[in-house]
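Novice: Feature table excerpt (Swiss-Prot):
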type: COMPBIAS; residues: 192-211; note: compositional bias 'Low complexity'
type: DOMAIN; residues: 35-121; note: domain 'BRCT'
type: DOMAIN; residues: 275-505; note: domain 'UmuC'
type: REGION; residues: 135-164; note: region 'Disordered'
type: REGION; residues: 182-211; note: region 'Disordered'
type: SITE; residues: F284; note: site 'Substrate discrimination'
Amino acid sequence: MTRDEDNGFSEWGGYFEAKKSKLEEQFAAASDPFRKSDLFQGISIFVNGRTDPSADELKRIMMVHGGTFHHYERSHTTYIIASVLPDVKVRNMNLSKFISAKWVVDCLEKKKIVDYKPYLLYTNQKTSQPMLIFGKPKDNGANESKSDVEPPKDKAEVEVDSTKDETQMELGGILKNLQQAVATSPEKEASASESKITNLSTTSNNSTTARTAADPNFLSEFYKNSRLHHIATLGAGFKQYVCRLRQKHGTQGFPKRETLKSLANSHHNCLERYVMHIDMDCFFVSVGLRTRPELRGLPIAVTHSKGGNAATDVPVHPQADRKAELELFAQRFEHHFHDGDKAEKVRSGFDKKMSLSEIASCSYEAREKGIRNGMFVGQALKLCPELKTIPYDFEGYKEVAFTLYDTVAQYTLNIEAVSCDEMFVELTDLAHELNVDVMAFVSHLRQEVYSKTGCPCSAGVAGNKLLARMATKEAKPNGQFLLDSSNDILAYMAPMSLDLLPGVGSSISHKLKQAGLNNCGDVQNTTLEKMEKVLGKKLGQNLFQNCRGIDDRPLAYEQIRKTVSAEMNFGIRFTNSVECEQFLCQLSEEVTKRLVEIRRKARSINLKIMVRAAEAPVETSKYMGHGVCDIINKSSLIKYATDDVNVITTVVLDLMKDADIPPDELRGLGIHLTRLEDANEVRKENNIKEMFGKMSEMRKDKPIPQGAVGDKSIGDDKVNKPLVFENKPKPREPRNVLSMLTAAAVSRKSVTEDRSQRGTSKPITRPLSLVPKLDEDVLAQLPEDIRLEVIANREEHLCIAEYDGYRSPQYPTLRSPPLLNPYVTTNVSPLKATDLKPSTSRAAVARLQKRKERKEQEHYIRSDQIVADYIDDLPDFVNPHILKLISHPVEMPELLMGDNYKDLLNDWVSREEVPKPNDVDLILKQVSRMIKNDQLDHVCDVMKYWCRIINMKRSSSCCWHVAYKHIEESIQNQMLTIEGYSLLFIEYIRCIKCS
């Protein structure tokens, strides 16, 4: 889609340029009340990276002294303030003036604009034409004040600061390189697009901005200029920061703990374990008010919107239909996600021309007016017309977050990072080993954080993570609370809403409400059996315990990334498949870069596709937003983990091709990599290849003994080969077990008659020279599991050789009977290579015995596999055995137990518009067998995948919905009969008609 004259944004010169202009207008409006001089009148600056003074301080200086502060580099930016630039920027430098922040300080000191040339960091000068220096840099060495000299720090502070210096720049890179396009959950479909891109701008001097994802520069431009994704990645960044602090600290002590001696406990601590949950109060608002103290006490909201009249008269595309879009979103929230609050939010704030920007954070004064985080700005202004809005301050968030973590790390590193402003801390060692009064320490810590950051925080302390988080809710705002044995935990938890507990979302909450369970008190009064029936065994047990204040989860100090993803649901407007493929190639490169940077490889590749819903308007209420969409997930599991961009790109393109979606219907694309493995792990086959190479080199170095060659010439290239497999037997044709038994019986009869005639018994054996010989040196170098497999393979050949020796030549080999059922195999062993590994585990022995029994059972051929004319050709003495086999019942093939069950279900659903009753009965029998075999996890996997592909059918598929619900109901009835509880299926049929 190209931008035309009637799209509502042409008069601004584009959406991104409008955002830039909005930020400049905000800055100008905020500067007027505080302006003291016009020293920097007509001068604009843009801060690139870390500087001294900081970006916030430079912004305040420009605000007070008449200058302009650009949030993004623009063509008319006067100076770019920086301390250091990467090499790529230096080599690609244009005519921009990169100067030191010292220039601003010196201008203030002299109260005039000084020459910028001495403060230039880099220039485009050449050795043949050096730059002319018109002035000398000012020597400021004598003007340093004593207050600028920091006092000496103790050892612990130096260690934390050194790690921070090493990590902060890396974390800045992590926050940029681990960019996750803010993943829009289904609950946020109605509003997340605009909030993602409001901070987006361009650095192009011309109006050649990348307007849609079809533009080759769109993806790089989005990630280069949009900083809102930092919110989603700050948590991951600080989890890595805590890991690095722990690794660097090792077994060293904490000198800062010496200051806690004054906090000695006068009485015995009442809990065996102390867990603290610390959370900053209204984090975004608190950081923003540090530079806006005049706004304290007023209702404040952090958002991209200006507020005021600008938030109630937003331009809307002429072809957009807000009313239709509103109703579609509301229906989905109510019927699919069972979230009435979200539906009400859409209905009350998704009308007219009101701003759909979301409020990221609001002050407690605003909350008293009914405003909540995530609310639309237009809706909030209806509740509170005097609401003040402030912009994001990402550098400030990072600065305060580092200070918070560094302060806690001076006392303990038993930290579980949750986000940039929230963490769990284990205080048991401080309480018992140092005999410290826990609440006195918490008060001391909170005061230290406030003195360093100017931002308040609250803390809750209890015996586990769940109660500690609950205690924090009691402590807010700016307080602390201890939930110990003196409190009646059951009475405290009883009125708590169930959606406050971990793992309880809108879907689980809806099921609980249907069962008459609205709060923790209701669960306390019910039985464990009922909870397991409603939610399944595992989740039912967890919720049953949590409602009683029981939580055994330990703190996760070193958290390993389990997924890496990159997603884009703004500006996805393709006109052909070529544009779509080009964008997917770029997105694959982006997600691969993130994967490499965390030193991981992925085995599972998932492609998330957002397709415009059939009933949704083509143009969305939000410019270039995704609107109401159907979400399709396609996944592929590759053989080996990879971080190769070519492999990932190929898989992604294949998945997109399989989806077969028209390009103009796409509204969002995302790549998610899972099943991550350590990139430093080397695959076993590589080690084996290397071992064979070393053995070959060793053989070359060994002298050949005289006479070892025999009659062969010295030049024969087969002499020095380390392994000789020339006599390796050819692969045998698959033989039916019945034919082998028949031939063996005939051979035994012949041998018996021959022995009786001769009176002697001499075993008839096959020459074992045809069995491959093993090199003992090579065998000794093999890993244990491979060596056992090779030995077992050789023993198998020996057994075959002995068996062939008993074959009677007077009876030809009988032909194998035809197999009527292609799913039944007779000569495939269920044992894997790893099963040959010796194990002392009783469970392992039991598994091997069970597999052995299954293997023996599979050798039987059922009656439906035997053809009548084949039976007639058999000798008479074999017929009784065949008749005995015929009397055995026929076993159903296990269609859903293989690795290809997804392909089977996918083909079935895609090929049939209406499921046949016989097929449904077959699937039901398969699932029932799995339940009887206690394969409940596989039942859940099968039902989850089947439900997903049914939901993906865009045509009328209510017949499939009925079939699925029929099988689901049968499964639950069988589970209640056998196990006494029901299974929890996280996927469900999303159909308003069926509902």
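Glycine residues also receive a Cβ, built from the backbone N, Cα and C atoms like all the rest.
Burial and contacts for the listed features, if you can.
Specialist: This prediction places the mean pLDDT of the domain 'BRCT' (35-121) at 82.
F284 (site 'Substrate discrimination') carries a helical DSSP state (H, G or I). There are 26 other CB atoms within 10 A of the CB of F284 (site 'Substrate discrimination'), with all protein chains counted.
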Novice: Count the residues of the domain 'BRCT' (35-121) that DSSP assigns to helix (H, G, I), to strand (E, B) and to coil, and report the three numbers in that order.
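Specialist: Tallied per class, the domain 'BRCT' (35-121) gives 27 helix, 15 strand, 45 coil.
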